[in-house]
Amino acid sequence: MLEDRSKTSSIVKCYGLTQNPSNGNYMLVMMRMNTNLREYLQQSHNHLTWIERIKIAYLIIVALCDIYKENSIHRDLHSGNILYYQFNEFWFISDLGFCGPADKPLTSIYGNLPYIAPEVLNGKVYTFKSDIYSIAMLMWEISSGQPPFINYEHDCDLAINIINGMRPKIISEIPLMYKNLMIQCWNANPLERPDTYTLLKNIREIKLYYQNNPDELPQLKIQIDNGTSYTSNKLFTSKLYKFENLPEPKNATEEEQEAFHSILYDFNIPNNIDDFDQSSNQNNKRSSNVIEVDSKICSKFKKLRVDSKSVDIQNNYNRETIQQSQTVDINDEDEVYNNPNLHSEEQEEFEIPDDGF
């Protein structure tokens, strides 16, 4: 299975597995890439043109379509596992099918929180449309040069904001067609997101349109301080989360979005709430980082920032279970919806030509 998946042209080639004899952990032996998307944007954002940015988004979507051809779902797309090979200037997707520890609890969610689709946070199953949401976050990151929600802790408060329709603030110097496609992809309702076939068709049309009409592209004014690093392990860290009693996902109004981005969260709750660190550290050597929270508790601390620890996914998984027993009298009226076919019939017949586009 490992060999079959690595044969797909836009997935990083895997040569095999190796095991660390000291702890029994396995590592993938993969084709060496030059950098990942996060580091590439950190180094190149200030001189990338919009033509180049759209091409990056296009190649990432082509890679996603390669995954779709194998009838697979990635489940953990973020800028740390989008890899660049300088020799042919191509972008690859890595970590396919290796999302999380083998002993991941069935009711938990594994991923990088800003890239996780709201319906997944709400407990629904991961689908192709969930990967499309992650693509929207990558499109935003390509446009802005920085990771989504970089100034927010990856905690319950952020999860609730995402559920309530909050998205990263869109920069003003963005091509309209690119912006509209990105907004479609991060719609709170997965049924309103484009299917893989439509997404590829649209991004290809956008790429060709602006290649032929470069004068319509805005000039980027946002500059990134190269001395500021956005490449810390925290931004790449995928963790286990367990959220309970979250409301149904919804889209936020423009007014709600503006209010969200104008609020500063200045209050921090320390990590040692109820001294959970002392008890959880006893299990650190053998298992995974789990953040378990109830939305009724989170609501009590709404608009507060909660520090959460990050664990590098290349190291041993460490379990930190946050169990909070306080109760708040809030009635959450949860609605349940089904996610039937999330891609069109046209997509079933769609094939990506071997010679590219």
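Glycine is no exception: its Cβ is also placed from the backbone N, Cα and C atoms.
No curator has checked TrEMBL annotations; they are predicted automatically.
Checking TrEMBL for region 'Disordered' across the ranges 310-333, 334-357 points to 334-357.
For the domain 'Protein kinase' (1-210), the mean pLDDT of the prediction comes to 86.
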